[in-house]
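> I have a structure I would like to understand better, so I am pasting it below and will then ask my questions one at a time.
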Amino acid sequence: MALYHYVTQEQLSGFDKYKYSAVDSNPLSIYVMHPFWNSVVKILPTWLAPNLITFTGFMFLVLTFTLLSFFDFDFYASGEGYTHVPSWVWIAAGLFNFLAYTLDGVDGKQARRTNSSTPLGELFDHGLDSWACVFFVATVYSVFGRGETGVGVVTLYYLLWVVLFSFILSHWEKYNTGILFLPWGYDISQVTISVVYIVTAVVGVETWYKPVIGNVHYRNLFTVMIVGCLFVVTLPMSLYNVFKAYRNNTLKHSSVYEALLPFFSPVLLFVLSTLWISLSPTDIIEKQPRIFYLMVGTAFSNVTCKLIVCQMSNTRCKPLILLLLPMTAVVLLVISGTLQNGEIIVLYIWTAVVILTHIHYGVSVVKQLSDHFNIYEKIGLKAAEV
């Protein structure tokens, strides 16, 4: 694979000056999860690389997504009259999700414990987190499905965007304030998701058919939880933190245009993907929801990773990510009706292009920063010591 130098010299210089700054005020995280993670990290061997921990956690999420794709590709399995996902799959999903969450919590602790913290570690962690959003959402969706007792695929598309927007808000904050304020919704949602998977394995998906109170169903609670986390917790706290930085004259970008620059590409991605599902000649979201979600989530991760690079290197965010230019052509071609008989093929091809482009970007950036920080040499020295 030919690698490309995506990180500019200016950004590399910015990485040299980078200092990690984060605030975690979530009671669940402070009083429950951090003590648990502190215990877990003590049993890990010191030769275990933090980035390997990060990647292993991410692969647990990919494995869960793959399992559910096999047993519930079209999100119908939880509906009445369909063959349900086996209980062992839900048990595996619960364990894998909690393992992924735990590894995501201990990778940074392992880095500090072994004195191997680098800006690459943070970029790798948050970059994979941005991609994990789509795997979380698509996997949870299989609990309720798209039947009469579930959630429509279009509704789930907008809920996916609520999650994606919640994620990028934290990095928009850091782009403007220099401090990463860890969102409360993440810890709560991860613990809840893990519990829901295990409960589903024990009591069956039929339990979620029943109303909780009156006409309020579990699917309504699912929707309210996702939307509520954004509008009641994440968005108000983000705006407050940015406003506080502005009031204290510590805001990194003085003009409104510069402050909002990181939102331009995500908004364009939202507009393009929404145009596609709204004007699709074959109603693509109904026929291939899983692949469409995967394409959107991967493209979003690519956009977000480039914001994280700018935010960590203290450089200006580009208003337009180049990946969105060919996507614009693809969407216009599809909605024009020219490819009506081949829209599903186009979606699969474009999804493959987006995934390969994103992987190429990730591998190239990791290689470039590894060379810059002499990480391979340091790993060799540590291996020699062991």
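Glycine residues also receive a Cβ, built from the backbone N, Cα and C atoms like all the rest.
Curation does not apply to TrEMBL; its annotations are automatic.
Below are the features I grabbed from TrEMBL:
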TRANSMEM  52-73  transmembrane segment
TRANSMEM  85-103  transmembrane segment
TRANSMEM  123-144  transmembrane segment
TRANSMEM  150-170  transmembrane segment
TRANSMEM  221-243  transmembrane segment
TRANSMEM  255-279  transmembrane segment
TRANSMEM  291-309  transmembrane segment
TRANSMEM  321-339  transmembrane segment
TRANSMEM  345-363  transmembrane segment
> Residue list, the transmembrane segment (123-144) vs rest of chain: Cβ under 8 Å, 6 or more residues beyond ends.
51, 54-55, 57-58, 61-62, 64-65, 68, 71-72, 75, 77-78, 85, 93, 97, 100, 104, 107-108, 150-151, 156, 159-160, 163-164, 167-168, 171, 189, 193, 196-197, 200, 205, 208, 218-219, 222, 290, 293-294, 296-298, 300-301, 304-305, 308-309, 312, 358, 362, 365-366, 369
> Which one, 85-103, 150-170, 321-339, has the most C-beta pairs under 8 Å toward the transmembrane segment (255-279)?
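Going through each listed stretch, the top one turns out to be 321-339.
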> Which residues of the same chain, at least 6 past either end of the transmembrane segment (85-103), have a Cβ under 8 Å from a Cβ in it?
36-37, 40, 53-54, 56-58, 60-61, 63-64, 67-68, 71-72, 77-78, 132, 136, 139, 142, 190-191, 193-198, 200-202, 204-205
